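Taken from TrEMBL as is:
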- Trp54, Tyr146, Lys269, Gly303, Arg393: substrate binding site (BINDING)
- Gly114, Ser115, Asp240, His304, Ser305: pyridoxal 5'-phosphate binding site (BINDING)
- Lys269: N6-(pyridoxal phosphate)lysine (MOD_RES)
Amino acid sequence: MSTTTTLATRDQQVIWHPYTQMKTAALPIPIVKGEGALLYAEDGKTYVDAVASWWVNLHGHAHPYIAQKVAEQLQTLEHVIFAGFTHPAAITLAERLIQLLPQGQSRIFYSDNGSTAVEVALKMAIQYWQNKGIARRKIIAFRNSYHGDTFGAMAVSARSAFTAPFWSYLFEVCFIDVPIPGNEDQTLKQLEAYAHEGDVAAFIYEPLVLGTAGMVMYNPEVLDQLLAICQQHDILTIADEVMTGFGRTGRTFASDYLQLQPDMVTLSKGLTGGTMALGATSCNEKIYEAFLSDDKRKTLFHGHSYTGNPVACAAGLASLDLLLLEETKQQIDHIRQRHAAFSKKFRYQPKVLEVRQRGTILAVEFEAEGTSYFNKLGDTIYSFALEQGVILRPLGNIIYVIPPYCITDPQLDQVYLTLQGMQQLITGERYFEPPTQTTLHD
Ligand SMILES: Cc1ncc(COP(=O)(O)O)c(C=O)c1O
């Protein structure tokens, strides 16, 4: 029996994997090493991590600089209770995040992941109104959004197959449509209507790109209009930058494309460059001050055992060092340009409904002929990509690429060739190279 079989079968005996139907899932692929954008399987095969390991990895796997900083922290202080105590890594990371975040953010509350960062933001928003003695209960969110898997985060996420077993346990949310191009007026009207009804505590949104919904994209102008309505009606705003943060959209935060700024921001995923689990919720002084009181009941009673973990904060600091390097900025822009060149050609291929791009995020939507058929096809194209040595996880009929910023040109070529191969598999038609001097619209 090979070691690979042993690892995978040992896994099968004891592990329950996320988002996996354990009855029918293929054996997991044991990964024994990572370097740059590559993952090395135990059987010697390599994979280009074109999904940045669930959108967390920024600078490549097992980055030596992050590893060194984490090791130093581990030898100094691995953890300390974060109520009543503090430490340099948490303070410095908060100081640096506040410098980078959209203007006005002045406090950082740490937690463990994206879902908990969202829970904290929702609790801050709800309690803000209670602390002020004002009755405001409603939360507004985009209909197709995804904010995480804990109960509050599920409540503000789409009522989808993911959340169906729990619907009756989720608090009520006012959903508005995503303002994709052409839909803007409708969404603005829906928000206006809720705002006029009153009683709205907060609006939570994924800025510019809804990840799990299928990399659904909309423009900064309409988000600014939505935020303006919220400001007019004193509705608190929460930008969920868990996926979009740290350069993914081409700017440090998606909120950097906007004129107006949110009251709160949620962060995770790229916060540690993909090294450690860490979540952060930032807020402005207005929110923070509503919790200051001689009455202890106005405290934000939330915390996790590992809140502000020093090792995770050290990874965050190291990742920020790398993110702010000129060469990382150039690399982000290079990926953006390469994606743009690929989209220009790929959007005219048969059965390609749309190619969307914002910064380093690329999504291809194929024409779907019924969901069940397509779900089956999703499995086929996922396996096809793996055979090509590329990790791409389709979201239904949508395939997306979110690479680590260190991805090389030959690795990007491999990803694009795999997308072309998928298209061929779906349509049965060969990829055609559109003429370079073309009258087709950009
Ligand atoms: C926008 C957004 N918010 C929150 C989350 C939840 O993050 P986590 O998986 O770390 O709990 C995700 C995860 O994909 C996300 O995309």
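Each Cβ is built from the backbone N, Cα and C atoms, and glycine gets one as well.
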Distant-in-sequence Cβ neighbours of Gly114 (pyridoxal 5'-phosphate binding site), under 8 Å, six or more positions away: His147, Gly148, Ala153, Asp240, Val242, Met243, Thr266, Ser268, Lys269, Gly279
Fewest other C-beta atoms within 10 angstroms, as judged across Trp54, Tyr146, which are the binding-site residues: Trp54
Euclidean distance between Cα atoms of Tyr146 (substrate binding site) and His304 (pyridoxal 5'-phosphate binding site), Å: 22
Residues among the binding-site residues Gly114, Ser115, Asp240, Ser305, Arg393 that border ligand 1 - Cβ under 6 angstroms, in sequence order: Gly114, Ser115, Asp240
Among Ser115, Ser305, the one of these binding-site residues whose Cβ has the fewest neighbouring Cβ atoms within 10 Å: Ser305
Site extent for pyridoxal 5'-phosphate (largest Cα pair distance over Gly114, Ser115, Asp240, His304, Ser305, Å): 23
Spatial separation of Trp54 (substrate binding site) from Ser305 (pyridoxal 5'-phosphate binding site) - C-alpha basis, Å: 24
Among Asp240, Lys269, Gly303 [binding-site residues], residue with fewest other Cβ within 10 Å: Gly303
Local Cβ density at Arg393 (substrate binding site) - other Cβ atoms counted within 10 Å: 14
Cα distance (Å, whole number) from Trp54 (substrate binding site) to Ser115 (pyridoxal 5'-phosphate binding site): 14
Asp240 (pyridoxal 5'-phosphate binding site) - helix vs strand vs coil (DSSP): strand
